[in-house]
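Trainee: Just dropping this structure here.
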Amino acid sequence: MDALLQFLLLIVFVTLVFSQNDLQEEFPPGWTEKCIGCMCEASSGCNQTLECIEQNEVKYCGVFLLSDIYWQDAGMPVLQGDDPTRIGAFERCVRDPYCAARAVNQYIQRYAKDCNKDRVLSCDDYVRLHYFGEANCERPITSLPYYKVFRNCISS
């Protein structure tokens, strides 16, 4: 499946996530389907066949390259009928584009803050939050390949 088709399929999944807003709250300003879609593109090229990768003894999986800690901070969403305490629940969720998008959505809603210090909550804050995590989202990001792919996607 080519990258464009994968990206379009993810947009369908993301639209479903946005239509079902698990937290039943308003979305933070700037948190849009395009924003989460470009985060996917920057993370993995929205490659649904990507295996988990390990870096510094942390495993990152799925189209958003989520770690187990991120997934836990997101509230441990699971596939329908699964149990978050069951072995492998993390991997099953983050390898499923819909469940992974739900995890990212819940994480952003939980931790949304002004990471770039421009006094405006926007997609730029959320991409930093996703990449660095809540505690480190103020770190410089503009020179990273991840951010460059994100900027190209979001501006197209």
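Cβ coordinates are placed from backbone N, Cα and C, and glycine is handled just like the others.
Keep in mind that TrEMBL annotations are predicted by a computer and have not been checked by a curator.
Straight from TrEMBL, here's the annotation block:
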type	residues	note
SIGNAL	1-19	signal peptide
DISULFID	Cys35-Cys123	disulfide bond
DISULFID	Cys40-Cys46	disulfide bond
DISULFID	Cys52-Cys61	disulfide bond
DISULFID	Cys93-Cys99	disulfide bond
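What's the neighbourhood like for each of these?
Mentor: Cβ neighbours within 10 Å of Cys35 (disulfide bond), excluding its own Cβ and spanning all shown chains: 24.
Cβ neighbour count for Cys40 (disulfide bond): 30 (other Cβ atoms within 10 Å of its Cβ, all protein chains included).
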Trainee: Could you tell me the C-alpha distance between Cys40 (disulfide bond) and Cys61 (disulfide bond) in angstrom, no decimals?
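Mentor: A Cα-Cα distance of 12 Å.
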Trainee: Looking only at Cβ atoms, how many others are within 10 Å of the one on Cys52 (disulfide bond)?
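Mentor: Taking every protein chain into account, the count is 15.
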Trainee: Using a 10 Å radius around its CB, how many other CB atoms surround Cys93 (disulfide bond)?
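Mentor: There are 24 of them.
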